[in-house]
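Peer 1: Sending over a structure as structure tokens; questions will come in a sec.
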Amino acid sequence: MRSPPRPRRPVPARLVAAAVLLSALAGGAAAGAAIAGDGYGRGRRLYMRNKVLEMFYHAYDNYMTYAFPHDELKPLTKSFTDSLSELGNLNLEHLPNDYNGSALTLVESLSSLVVLGNLTEFERGVLWLSENLTFDVDARINLFECNIRLLGGLISGHILAKEHISHLKDGPYQDQLLHLAENLGSRFLPAFETPTGLPYAWINLKPCNYFFQYGVMENETTETSTSGCGSLILEMGALSRLTGDSRYEAAALRALRKLWSMRSSLNLVGTTLDVLTGKWIEYSSGIGAGVDSFYEYLIKAYVLFGSEEYWDMFHSAYLAVQKYFRHGPWYHEADMRTGEATHWQLTSLQAFWPGLQTLLGDVAAANISHREFYNVWQRFGVLPERYLLDFGMLHPTEKYYPLRPEFAESTFYLYQATKGDYRLFFIVQI
Ligand SMILES: *[C@@H]1O[C@H](CO)[C@@H](O)[C@H](O)[C@H]1NC(C)=O
Ligand SMILES: *[C@@H]1O[C@H](CO)[C@@H](O)[C@H](O)[C@H]1NC(C)=O
Ligand SMILES: *[C@@H]1O[C@H](CO)[C@@H](O)[C@H](O)[C@H]1NC(C)=O
Ligand SMILES: *[C@@H]1O[C@H](CO)[C@@H](O)[C@H](O)[C@H]1NC(C)=O
Ligand SMILES: *[C@@H]1O[C@H](CO)[C@@H](O)[C@H](O)[C@H]1NC(C)=O
């Protein structure tokens with residue numbers, strides 16, 4: 001098997017790359033800024049650019065009108081959810097009556113506002129968050145989601161604010177987003193206090209008190225996923241580099257190393273595991289749900305931090321995926337112990353893979369896998385959440401599309417790498 005080419009060494013301004021990476025992780029809206037010499041006529045590019053702006057402001061303004069400061073807009077009823085806390089809170093009565101959420105959509109929009117050039121609105125958001133955002137709530141949250149969305153959003157917002165500080169009038173930016181990120185990150189740390197260093201999947205944002213009521217909650221599940229343990233290093237590593245407090249990076253790296261030590265002799269990992277025993281629960285895995293961002297974070301951590309250790313892990317893991325999961329242009333699931341195929345299902349989440357292959361420099365492989373997702377998109381109008389591959393026939397079994405950014409990100413990367421006729425613009429044509 002051909003060895004994947006090593007990506008170029010990291011660019012000097014690594015933390016600027018962090019902002020771009022983190023904003024790409026946080027959503028696909030950044031794709032609108034990519035207008036370059038691509039052979040498209042100027043008129044067409046302007047049309048597409050305006051279309052992206054229109055779509056962004058439609059979503060953003062309606063969120064601000066109907067849902068802010070709660071987490072997400074429910075567009076049909078013009079109401080809201082506090083998704084970050086509701087996700088894990090079976091007992092919603094635990095949330096204070098006047099709980100306002102974490103303004104999650106605003107946090108996630110900060111990087112888009114900068115990319116789209118709206119520094120006034122960016123600044124307004126930053127100041128609002130600085131004064132009003134609190135994490136001292138009795139809410140059980142999912143560590144992975146809170147990390148990639150809230151912590152990642154705050155850190156990329158901070159890096160972008162520093163970049164544009166001369167434009168933020170009267171210098172009101174005093175690292176407020178970084179202080180918020182640090183406050184949040186410190187609430188994550190108790191989740192890592194396990195014999196293995198693998199973090200619990202859920203944690204209460206209120207720090208643990210004498211009665212252990214908060215922090216890791218009583219009878220908390222010890223089951224978590226590979227992505228739950230392996231997708232923390234970008235945000236927590238960046239937080240440590242920015243604050244000088246090494247605890248965040250150390251906790252995430254210890255968890256990642258432990259996870260990697262649990263791989264099989266085929267260099268495959270499973271999907272779910274127990275954080276107390278460090279034993280696998282589900283041995284079957286693929287590149288989709290429960291595992292996907294483990295691969296993504298390994299290569300992005302190498303790009304961001306430049307450490308060979310991430311490259312070595314990624315390199316071995318990538319070769320194993322190509323060897324045991326790949327079937328023509330598709331990827332199925334397999335048992336980590338034997339490499340035998342288990343499930344022939346494809347999921348919308350897998351659409352990040354061509355982007356990862358592009359980042360790696362394997363543009364030819366990315367082109368091939370991207371084309372398959374593109375064909376599915378064309379056939380159904382969107383990517384179904386899950387579909388079964390049966391003798392070359394696709395049967396969607398979960399027929400919904402929760403506006404996932406994976407395929408947009410892959411398309412964006414591939415377009416940036418080739419400047420070709422990449423099917424970039426179909427996304428805004430829906
Ligand atoms: C929610 O917002 C209201 C109005 O700004 C404020 O009075 C209240 O303290 C907030 N609740 C929490 C739990 O922060
Ligand atoms: C920035 O966003 C706000 C809120 O949508 C809008 O009112 C304002 O016109 C925008 N400014 C620019 C320069 O686009
Ligand atoms: C904090 O929230 C309150 C209530 O929404 C608002 O009136 C105030 O302006 C906010 N602070 C900032 C700095 O935006
Ligand atoms: C935790 O589990 C024990 C034993 O099953 C039970 O007695 C206790 O009530 C549980 N605590 C909570 C908060 O559910
Ligand atoms: C991608 O594949 C198409 C054939 O489907 C080919 O025409 C094109 O040159 C390929 N592009 C790259 C960058 O490999």
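A Cβ is built for glycine as well, from the same backbone N, Cα and C atoms used for every other residue.
According to TrEMBL, the record shows the following:
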type	residues	note
SIGNAL	1-31	signal peptide
ACT_SITE	Glu145	active site, proton donor
ACT_SITE	Asp292	active site
ACT_SITE	Glu385	active site, proton donor
ACT_SITE	Glu406	active site
Peer 1: Reported as an integer number of Å, what is the Cα distance between Asp292 (active site) and Glu406 (active site)?
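Peer 2: That separation, Cα to Cα, works out to 10 Å.
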Peer 1: Run through the Cβ atoms and count how many others sit within 10 Å of the one on Asp292 (active site).
Peer 2: 25
Peer 1: Can you grab the distance from Glu385 (active site, proton donor) over to Glu406 (active site)? Cα atoms, rounded to a whole Å.
Peer 2: 12
Peer 1: Out of Glu145, Glu385, Glu406, give me whichever of these active-site residues has the highest number of other Cβ atoms within 10 Å.
Peer 2: Glu406
Peer 1: Can you tell me the three-state DSSP label for Glu385 (active site, proton donor)?
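Peer 2: Its secondary structure by DSSP: coil.
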Peer 1: Rounded to the nearest Å, what's the C-alpha distance separating Glu145 (active site, proton donor) and Glu406 (active site)? Just drop the number here, would you?
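Peer 2: The Cα atom of Glu145 (active site, proton donor) is 15 Å away from the Cα atom of Glu406 (active site).
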Peer 1: Using DSSP, would you call Glu406 (active site) helix, strand or coil?
Peer 2: helix
